[in-house]
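Worksheet: one structure, shown below.
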Ligand SMILES: NC(=O)c1ccc[n+]([C@@H]2O[C@H](COP(=O)([O-])OP(=O)(O)OC[C@H]3O[C@@H](n4cnc5c(N)ncnc54)[C@H](O)[C@@H]3O)[C@@H](O)[C@H]2O)c1
């Protein structure tokens, strides 16, 4: 019978198969050993994709200790399997603070954060370790807010690479990853046929744009609602209907909020919606669809399917998915491994850059060379070749060395 460790190993191998960019970095790291002897502390989701990143860093000579950035986001079988190869502290919600502290006791010289927990704890509890560090990487907007606040106070003592803001991360994570998985979550929860439906996307930022694109690909008519005139104009020029949410409320069959802003859909919208309209949120927090307005205006509420609640308003009903929580995590599986391949390739190369380069304390953008390398490796994995500037073209553009396709 397969043990928990066997199941974890199988998941890691499956993820590895979807992560060719990280695999090619791992092969180079194994040859070049850029991280030889470096202790890396990682505070990330404990998943099969993270295990592939850990293996990559270890192939480059690092010793990695891992704890969970979200104590509820631990794949137990992966944690068991990975602990045979590296140091894993994944005791769950009750042990979370101890797990973070345990990583710090190993005095990491590079940190990989998903919310600035390790770097935050180093600054508050172990400032003695900061002087010996190469620096850290940060994967989230929230973490960067914390680190930039430290920087503004003059207290950030190490360099941090803002992986979250890389162009490749934005494109893959937000547009392609969330674009697909948000619709996957809606379809899994409802089994709706989206072709022929009117899908209203509220918010046409990095993520909303991906959602709108994929909804159109399913055959839906897409309406975009925005408050930013430039983004609204882009949506219009990209072929979508654009109108205020109050107008869209009467037309939509499926509504998807993806703004990061509270109460984007509220009582006045619910009153205009058609019978049977479906409400889903793809923003980070469950604040974009006003649950208070839904509950206070509905005459009755009941669960009709797992993750689908029916709110009755007189002779009409609206269906709320996943209680308004982020639908691709609640009803599907979040980002595919192929998306995490790009995010974690940026992490691995940023880690290498911190170790081999000289960086001043402060928050830094991901170097353009890393973005290009990750994109080139992904193209190679897709077996796509591209052109290279001729020397004359490069001279014309006054580049000292022409960028390479791959
Ligand atoms: N579900 C996922 O996997 C996933 C992935 C990435 C980001 N997110 C979340 O999605 C949200 C948006 O992220 P983003 O990176 O696209 O941000 P963004 O800032 O690029 O885009 C948000 C857009 O919403 C618009 N907006 C704000 N208020 C609005 C309103 N009342 N009505 C209509 N439009 C409005 C803004 O003008 C902006 O264009 C955030 O909460 C983010 O954390 C979720």
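Every residue gets a Cβ built from N, Cα and C, even glycine.
Curation plays no part in TrEMBL annotations; they are all automatic predictions.
The NAD(+) binding site annotation in TrEMBL covers 140, 141, 142, 205, 206, 207, 208, 209, 210, 226, 328, 335. The number of other CB atoms found within 10 A of the CB of residue 142 (NAD(+) binding site), across every protein chain shown, is 14. Annotation note: residue 142 (NAD(+) binding site) sits in a helical segment as assigned by DSSP.
The domain 'S-adenosyl-L-homocysteine hydrolase NAD binding' annotation in TrEMBL covers 174-334.
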On average, what pLDDT score does this prediction assign to the domain 'S-adenosyl-L-homocysteine hydrolase NAD binding' (174-334)?
95
Which residues does residue 208 (NAD(+) binding site) neighbour through Cβ under 8 Å, counting only same-chain ones at least six apart?
201, 202, 224, 256, 258, 259, 282
Can you go through the binding-site residues 140, 142, 210 and pick out those with a C-beta less than 6 angstroms from ligand 1?
none
Given the NAD(+) binding site residues 140, 141, 142, 205, 206, 207, 208, 209, 210, 226, 328, 335 in the record, what is the largest Cα to Cα distance, rounded to whole Å?
25
Report the same-chain neighbours of residue 140 (NAD(+) binding site): residues 6+ apart in sequence with Cβ closer than 8 Å to its Cβ, ordered by sequence.
113, 114, 115, 116, 164
